Amino acid sequence: MAVESSSVSKYDRQIRVWGRHGQEALHSARVCVLGTHMAVLEAAKNLALAGISSLVIVDDTSIVASDVQTNYFVTGSGREYIGEAAVETLIRMNPDITIEWIHADPRSYVVSDGALAGVDVAILEDDATLVTHLDQAGVRSISVQTNGFFGYIKPRGKAHVVLEPNRPTPLDLQLKHAWPELIAFLESQPTDVEEEDDFLRIPSIVFLHKALTAFEQQHGQSPSHPDMAALRTMLQGFHRDWSEINVEEALTMVNTQLLKPATPSFPAILHHQTVDALVRKTGFVFGPGVDDKEVLFWTFAAALKAFMARNHRVPVTGKIPDMHGSTEIYVNLQRIYQRRAASDRAELHADMVQIAQSCGDSDRIRDVVADMDQEILTLLVKNASNLTVVSFSSSVDVDPKQLAKGGVTPTVGQQAILWASSREFESHMGHVPGLSAVESDVVGLSKIVNSIVERAVGESPSDSPCMPSNQMIREFVIGGHCELAPTCSVLGGIMAQEAVKLLTSQFVPFGGQLFYYGSPEAPVMDVIE
Amino acid sequence: MTRTSTYKRLYGKDGYQKIRDSRIFVVGAGGIGCELLKNIAVVGFGHVELIDLDTIDVTNLNRQFLFKRKHVGQPKAVVAKEAALALNKDMTIVAHHANVKDDKFNIAFYRQFNVVINALDNADARKHVNRMCLLSNVPLIDAGTNGLRGNVITIIPYLTECYECAAKPPPKTLPICTIRSVPSKPEHCIAWAKYLYQRVFGETDDTNVLSDITLASLYEKDADPTAVAHALVRKLFRDDVIAARDTVESNMVWSFGPPRPVELGDDDVIKPVEITTLSDTEVLAEEMNMRAFVEAVCVLYRMAFNHTGEKASPLSFDKDEPVGMAFVAAAANLRMICYKIDPITIFDARSIAGSIVPAVSTTNSMVSGLAIHRAATLITKGKPTSLDDPVLRTNYVTFFGAKPLQAIIPLGANPACQVCGRKATGMHCTATSTLGDLVDVLEKKLEDDDVAIEAGGTLLWTGDETAARKRTLVDLGIADSHTINVTDSDDKEYVLVALYRSHGPIELDEMIGYDPAPLDDDDEGLEMKRQPEPGSDSDVELEESDGEIEVIEL
């Protein structure tokens, strides 16, 4: 869906984060909200503000007196149900999108016919039944639970392809793969000029190229990390009587521009079975649950693999870093790189068309490739070294036994233990800890914590780094499933952020479970994969 | 449970009472400010004062959720206050639609708060609030975001690093000659267009790099704005470009070949185009840029000039004001076309002209939750005394790194800091207090009979101006909250903050802060101390957004 110019100004500040194409992806996104936990509503608020297409809230909880003070979505509404009041609040926040309330119990709603059709992401208060059902229905979900200062977020569902990881990556001049036009241009730049002004006009890339070719001639091979000092000495040889800024700049670029392996290793994703299948199996067909974004991703990945196998390098992006020196030379360089980028893009495009022809799913791939404009291809090339697929854990909860493997931040391991203990407590006692008497629940929860740590980690609980302190257990019990505003702000922000990542296919979401403990001392947060 | 019972349970009975009795100053009612205020209201802090100079703009609505479209143009602080009161009638809120640098927000004002929270988008105001908090010895929580990154920093005066303890990287610079004569990037043309706006419609400013261009036709009586606009196009994009092209200067290197003037004869008429119909996201052609330029000049001319040709109400550029922005974008694009640089969209021009910081509600939501959490801890547990106290950890929120939230032990205050690296105290005085009274009190307090006193750049006392002793501090221009610098015989500096009262002798509060280092001592330990702590991520920077490009003379 195109972004109209009136919304461009309203969404201006975020379009500067994810671009107009990212905003367009949001403008066609449908999000289903199951339940009205305050963190879920916070996430819904953030998504509504971000300008998604539609938001459906499914809930049948009545407003009780306490909500009016502690849940700002219902304050002052005078309504009977939380969902009804929340929808009104959300519509006031963004009147330009579709927001609906469906008066139903989420558990019965999700099993009704067509309820989840067209839903891109569901956000909900964690519930094993709902999460499992959404998983089976092929709907990605992000669920949350809080307990006073504690909370967690877990994304579930099928693997997610990231077209634009947008990881900060240094611009690669690809000097080890210089092509005739670039070589001819760099060699036509003299470095033995008389006048100092003329010397300062030479951009650093010229020195880098000369040092590289001199090294290769001397040693018969291209430099690697141990050759750092030798290359630096060669570059320092260009200095005249003082530390000229262009030579200094070249010295800072040795590591990023000259020491990379001559043949880059394939990004891990290019070894994925889908890539192999696209290239080798003539009858390969994408499954029905695969959307166009994924078809594009895998087709590009397969084309990239063919490109890299042929050229032993990643494609040129066309961007070069700022350099001191003459603008004229810089502009010429820019054009040389842009021409190369255009021919690399054309090569990749031809590969994609070729894959469409040879593969069983040719119509589907051909349509996707035909819809891909130069802008998208440029973005794919920019992210070529970082293409990523994120898999989400398939188990409903983090199994405390995973903690025994180590590598988990202790405070986060402790939180995972507390939540697991709380679930066990609830199944024994019929209520979450803290809802009856605090003192007896502290004792009850402590016992369960001890036995879980012993079972899971196989250590004496007192020695285990995953053993929560008495203070932490007490705070957990006091939390008693309270929806604390600052905790919900933090978690609702993260949930919405993860949803935006899924919807735009930009930035890399986390695949594991995120635990947050807004300890009265210092907040901690980490993901257990 | 009610609000009271929920939060009493979580913070404890005494703790929650402290929260109910607390006073918070929130600086900024923008994206973070809205989130903070909502949380403050829901948790139930007792008293909040909120300040913001801005009015609501349409580009705020994607995240500043206390505001609706109907509020566009109204003061942010006032609208936010009403929205927060609707959430919690038990708290008191005072809204200040004002500049935080205004004199009335003085030391006495700051001292009434338990904690100050910054929700700002610029370094200048951050610096100011930082200084005020140091002088009033009030803890400051600084919440900042930039796109998907954010941070929450706690500043305890004279314990942790203050906002100005570490040198900030210098702003980006553009050489003047590039802007004036040899542009090679859109940035150069945008900078030129902003100077042009200021030169034509703004206050007279001799430091404007275009102050020497002649614009006689502007200042004629009963000038026709359309004729003025045509004259400007012919001059700026035809005659001046031809002159530049034909000037033979040996060191002139055209980036993309010699410039070319726009195609326009003396009698050609450019038809203005309604600014609101211009596309924000498509590059406008040469002719459309000229039409937009003419329309923008006509509108701005009528606003700035009166009929006698006098610039009666000068304008200042604002990236969110569509006509001014159209003027800058069109002028910059025409210059790009003349100098063979590819023109850009108004959207991109706004980005460059306004040094826009990207902003999304998700990051604001996170940092505000963390900031309120921290405010509650400071209020319930009291001011920390050690850098190791976990409440002082600097939090970075980032979704690019391996960890979504990092907690880093802050650096301690820098003894060489120009702002917090010396002792400061309040000086209680009255309208009749004299310089002599102050000298006596200081000599006694510092046990030193050779002090020098300076205020507002003037040396008031070096020990032998006996006549000056009788002059009152008021006479010497020292108003409430003004600072006075004192140097003792060892060249150590102290800062006094004037706090006027109705009666009583001059009295100094207890000195807080570092034992001041002598002025020109090179502290060798300093370099070591500024190294980041182990475990800190050097990729993460403090968020701020004073990206205004500074011009340097080359």
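Heads up, the Cβ atoms here are built off N, Cα and C, so glycines get one too.
Feature annotation from TrEMBL assigns domain 'THIF-type NAD/FAD binding fold' to B:9-399.
Per TrEMBL, the feature ATP binding site maps to B:28-33, B:Asp52, B:60-63, B:Lys76, B:121-126. The Cβ neighbour count for B:Gly28 (ATP binding site), using a 10 Å radius over every protein chain in view, is 28.
For B:Cys162, B:Cys165, B:Cys417, B:Cys420, the entry in TrEMBL reads Zn(2+) binding site. The secondary structure of B:Cys420 (Zn(2+) binding site), as reduced to three states from DSSP, is coil rather than helix or strand.
The Cβ neighbour count for B:Cys177 (active site, glycyl thioester intermediate), using a 10 Å radius and every protein chain shown, is 13. Positions annotated as active site, glycyl thioester intermediate by TrEMBL: B:Cys177.
Confidence across the domain 'Ubiquitin-activating enzyme SCCH' (B:310-346), taken as the mean pLDDT and rounded to a whole number, stands at 90. Among the features that TrEMBL reports, domain 'Ubiquitin-activating enzyme SCCH' is placed at B:310-346.
Per TrEMBL, compositional bias 'Acidic residues' is recorded for B:513-525 (among others).
According to TrEMBL, the region 'Disordered' annotation covers B:513-554.
Annotation comment: TrEMBL describes B:536-554 (among others) as compositional bias 'Acidic residues'.
Taking the C-alpha positions, the distance from B:Asn62 (ATP binding site) to B:Cys417 (Zn(2+) binding site) comes to 39 Å. B:Cys420 (Zn(2+) binding site) has B:Asp124 as its nearest neighbour among the recorded positions B:Gly31, B:Asp124, B:Cys177, going by CA to CA distance. Listed in chain order, the residues near the Zn(2+) site other than B:Cys162, B:Cys165, B:Cys417, B:Cys420 are B:Leu134, B:Glu161, B:Tyr163, B:Glu164, B:Ala413, B:Asn414, B:Gln418, B:Val419, B:Gly421, each with its Cβ within 8 Å of the site Cβ centroid. Counting other CB atoms no more than 10 Å from each candidate's CB, the binding-site residues B:Cys165, B:Cys420 peak at B:Cys420.
Contact annotation for chain A: of the listed binding-site residues (B:Gly28, B:Asn62, B:Asp124, B:Cys420), B:Asn62 place their CB atoms under 8 A from a CB atom of that chain.
Helix first, then strand, then coil: DSSP counts for the domain 'Ubiquitin-activating enzyme SCCH' (B:310-346) stand at 18 helix, 0 strand, 19 coil.
B:Cys177 (active site, glycyl thioester intermediate) sits 38 Å from B:Gly28 (ATP binding site), taking the Cα positions as reference. By a simple count of nearby Cβ atoms, those within 10 Å, the most crowded of the binding-site residues B:Asp52, B:Asp121, B:Asp124 is B:Asp52. For the pair B:Gly31 (ATP binding site) and B:Cys165 (Zn(2+) binding site), the C-alpha distance works out to 27 angstrom.
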